[in-house]
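Notes for the one structure printed next.
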Amino acid sequence: MQEKIRETCLATKTVKLLSARRLIVKIGSAVVADAETGEIRGPWLETLIKDVVRFFARGQQVIIVTSGAVAAGSRHFKQLDRSLRIEEKQAAAAIGQIRLMIAYEQSLKRHGFGLGQVLLTSADVDNQRCRLNARSAFQQLLNVGAVPVINENDATATPEVCLGDNDRLAARVAQIAKADLLILLSDVDGLFTEDPHDNPLARMIPEVRRITPEIEIMASLSPARHGSGGMVTKLMAARIAMEAGCNVVIAKGSKSYPLAAIENGAPSTWFIPPARETATRGGR
């Protein structure tokens with residue numbers, strides 16, 4: 001009986017994935033860049049892009065939100081042997097963003113797609129006119145065969161006004177783009193009852209339909225391993241996206257062909273909103 005229920009749940013989630021008209025795929029720093037060297041993981045990125053191309057081939061649209069600029073540019077500051085100051089992180093982001101986009105562009109080009117870089121700030125996503133302009137830009141890029149690849153403009157953002165992590169940026173992009181599904185690729189399989197690194201008996205939560213105080217406590221027990229975000233920020237992102245009527249998946253992204261893995265039933269946590277359109281859908 002339990003196996004039958006599991007198969008039914010998997011089939012339902014697969015349908016949601018295959019039927020999503022527009023998807024946002026967020027890629028964490030720990031997934032796209034080597035944690036020690038900051039080098040872009042080119043072979044892995046190629047498998048992700050092959051997944052993205054396959055989605056486009058069956059009539060779906062994909063918008064990418066990527067972290068990794070600071071990681072890719074930080075090797076210029078290795079001699080400091082300490083945590084980077086704000087201005088150093090901004091410089092690292094400016095250097096690394098170019099490397100990051102070149103890697104994406106080269107991989108997309110091999111499959112006949114262009115790339116459209118979009119750098120957003122908190123002011124952009126908080127302003128209705130900017131949101132509408134961004135939505136129009138996303139659509140025009142998709143119309144001409146260019147995949148929007150989005151990052152926060154870390155080179156100019158300050159702690160007072162920055163979004164702070166790309167999980168919430170991805171959720172706001174999902175609002176703006178009227179996406180049906182937000183996929184958060186991370187260094188963990190999903191939401192656990194406790195931190196699985198500390199407690200091997202921790203259980204993964206396969207599905208969340210309402211973010212309760214208990215769910216928030218679970219998220220607080222799952223700290224980030226790398227990057228600026230953790231499970232708490234992913235839960236924040238899930239709440240934002242669910243309020244816009246968008247399904248959310250948290251899954252481990254470090255494996256090759258990470259989107260195909262989700263499609264084939266790899267461990268993940270799905271956040272499923274009520275089956276209705278909400279007033280906030282579209283970020284208006």
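Using the three backbone atoms N, Cα and C, a Cβ is placed for every residue, glycine included.
Taken from Swiss-Prot, the feature ATP binding site covers LYS26, SER186, ASP187, SER228, GLY229, GLY230, MET231, VAL232, THR233, LYS234. The secondary structure of MET231 (ATP binding site), as reduced to three states from DSSP, is helical.
SER67 (substrate binding site) falls within neither a helix nor a strand when secondary structure is assigned with DSSP, and so counts as coil. Among the features that Swiss-Prot reports, substrate binding site is placed at SER67, ASP154, ASN166.
With all protein chains in the displayed structure included, the most crowded Cβ environment within 10 Å among the binding-site residues ASP154, ASP187 is that of ASP154.
Here the candidates are the binding-site residues LYS26, ASP187, THR233, and by Cα distance the one nearest SER67 (substrate binding site) turns out to be LYS26. All protein chains included, MET231 (ATP binding site) registers 26 other Cβ atoms within 10 Å of its own Cβ. Just so you know, the Cβ of LYS26 (ATP binding site) picks up 31 other Cβ atoms within 10 Å once every protein chain is counted.
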